[in-house]
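Q: Residues annotated as Mg(2+) binding site in Swiss-Prot, with a curator's inference given as evidence: His67, His69, Gln136. Summarising the annotation, Swiss-Prot assigns region 'Mobile alpha helix' to 127-133. The active site, nucleophile annotation in Swiss-Prot covers Tyr132.
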Amino acid sequence: MTYVILPLEMKKGRGYVYQLEYHLIWCVKYRHQVLVGEVADGLKDILRDIAAQNGLEVITMEVMPDHVHLLLSATPQQAIPDFVKALKGASARRMFVAYPQLKEKLWGGNLWNPSYCILTVSENTRAQIQKYIESQHDKE
């Protein structure tokens, strides 16, 4: 796949223009490798749904056995801690309902480690970050 650096699209709100993209990473509690097969696919669907409900745009995503990478776009009104909480909290609740076997490995009731990493993305770094996220499974 060829990646070309393109100017990022400016989005418009009422009285402002913006371009906010983030690379968000978080891990499964205790780094247990439980996000595989249909569980990983289900998580992708759940995260896309939660993102849409919260006005976030998922640009690309990769679910690894013990962590998640998201490249997403947000609006200036969306506080980072709020949308991270929405993504992690709602996804954990929905995953435990959809895949009750997760509770066997994650006996404490938490799917996610409480911490996360978030990085800003610019038009100079977007293609590189997108390539990095999409190539995660190649590294296994």
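Placement of Cβ uses the backbone N, Cα and C atoms for every residue, glycine included.
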Q: Please classify the secondary structure at His69 (Mg(2+) binding site) using three-state DSSP.
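A: His69 (Mg(2+) binding site) sits in a strand per DSSP.
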Q: Could you give the Cα-Cα distance between His67 (Mg(2+) binding site) and the residue listed as 'active site, nucleophile', in whole Å?
A: 14
Q: Just to verify a number: CA distance, His69 (Mg(2+) binding site) to Tyr132 (active site, nucleophile), in angstrom, no decimals.
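A: For His69 (Mg(2+) binding site) versus Tyr132 (active site, nucleophile), the Cα atoms are 10 Å apart.
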Q: From the centroid of the CB atoms of His67, His69, Gln136, the recorded Mg(2+) site, which same-chain residues not already listed sit within 8 A by their CB, in sequence order?
A: Ile25, Glu62, Val63, Met64, Val68, Ile133
Q: When secondary structure is assigned with DSSP, how many helix, strand and coil residues does the region 'Mobile alpha helix' (127-133) contain?
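A: The breakdown for the region 'Mobile alpha helix' (127-133) reads 7 helix, 0 strand, 0 coil.
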Q: What average pLDDT does the predicted model assign to the region 'Mobile alpha helix' (127-133)?
A: 89
